Each structure stands twice: as C-alpha cells, then as structure tokens.
C-alpha cells in the first residue's frame, strides 16, 4: 500500500510555532513517528512525506499521487483547509481516498477555522488528536482497503 502524506503551510515549523497548540515535536519527528508506528509496521506500507507552503505545489502533489498510483492520501492542508477550492478540486479530480488531518481541534478555535473548504472532498476528517490523528488516518486507510 502506498500512502502520500501531504502537509501544508507552516507545518515545517512544528516544534517552533505555538507549542501550546501544536506540541513540541518537529516536522521530522512527525514523519518518523508516522513511518515507524508499530501498529502497522508489518503491513508493508510505503510512505511519501511532502510539505509545502505554496497552494499550487500542494495541488501538484495531489496530482502526482494519481500519476504515481498512490492508494491513499493523508492531507493536513493547514490554513488552506479554510480557503482552497483548488485543493478541494484536485482531491475530487484524482479520486484517491483522502483523509484530512489537523493536529489541533480546528472546531474549537477561531471562527474562520470552522469553515472547511477541502473537507467535503475527503472521505473523512480527524481533528484535535495531535500527531495521533495521522496514525488513525493510516489505520483507517488500511481498513478502507480491507473492507
């Protein structure tokens, strides 16, 4: 199984930005945590981790997932979650099961964060569970393909 993990703007600043909201782990720590999580270590999952602060690059990543025949996408679009019709449309265009993840509970924060433009294109959203949200997204994609 091939899963592309796409992180959007400012996720490269994990461990530096708003530690009270996002925690003290770095972006590299997050990627290692996902890749090495023991729950699915024996499932032979191939991960590709990508991060960009640029909306168009995120659209390109999603399109590349299609051409590289990925089975699933885990997406934390960061602030673009609330504004990007382009990312929404890219997810719809490729028809790859996509799970949206947010480290913080976006529904318990500022009102503008409660609007999710990208979520309706995804098969699910996990929010507010910290880095564990990514693990749950992987487990869900495994189950999605095993049903």
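Please read every residue number as a count from 1 along the shown chain.
The backbone N, Cα and C atoms fix where each Cβ goes, glycine too.
Database features (Swiss-Prot):
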{"type": "SITE", "residues": "17", "note": "site 'Transition state stabilizer'"}
{"type": "ACT_SITE", "residues": "22", "note": "active site, proton acceptor"}
{"type": "BINDING", "residues": "76, 82, 89, 103, 104, 113", "note": "substrate binding site"}
{"type": "ACT_SITE", "residues": "102", "note": "active site, proton donor"}
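Sequence features annotated in Swiss-Prot and their locations in the structure.
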| residue | record | DSSP (3 states) |
| --- | --- | --- |
| 17 | site 'Transition state stabilizer' | coil |
| 22 | active site, proton acceptor | helix |
| 76 | substrate binding site | strand |
| 82 | substrate binding site | helix |
| 89 | substrate binding site | helix |
| 102 | active site, proton donor | strand |
Proximal but sequence-remote residues of the same chain as the residue listed as 'active site, proton donor' (Cβ under 8 Å, at least 6 apart): 76, 81, 125, 126, 127, 128, 133
Cα-Cα distance linking residue 17 (site 'Transition state stabilizer') and residue 89 (substrate binding site), given in Å to the nearest integer: 29
Rounded distance in angstrom between the Cα atoms of residue 22 (active site, proton acceptor) and residue 103 (substrate binding site): 6
Cα-to-Cα gap, residue 103 (substrate binding site) vs residue 17 (site 'Transition state stabilizer'), nearest whole Å: 13
Length of the line joining the Cα atoms of residue 104 (substrate binding site) and residue 17 (site 'Transition state stabilizer'), in Å: 13
Residue among binding-site residues 76, 104 with least C-beta crowding, 10 angstrom cut-off: 104
Nonlocal residues around residue 17 (site 'Transition state stabilizer'), in sequence order (Cβ under 8 Å, 6 or more apart): 10
Position of peak Cβ density within 10 Å, selected from the recorded positions 22, 82, 89, 103: 103
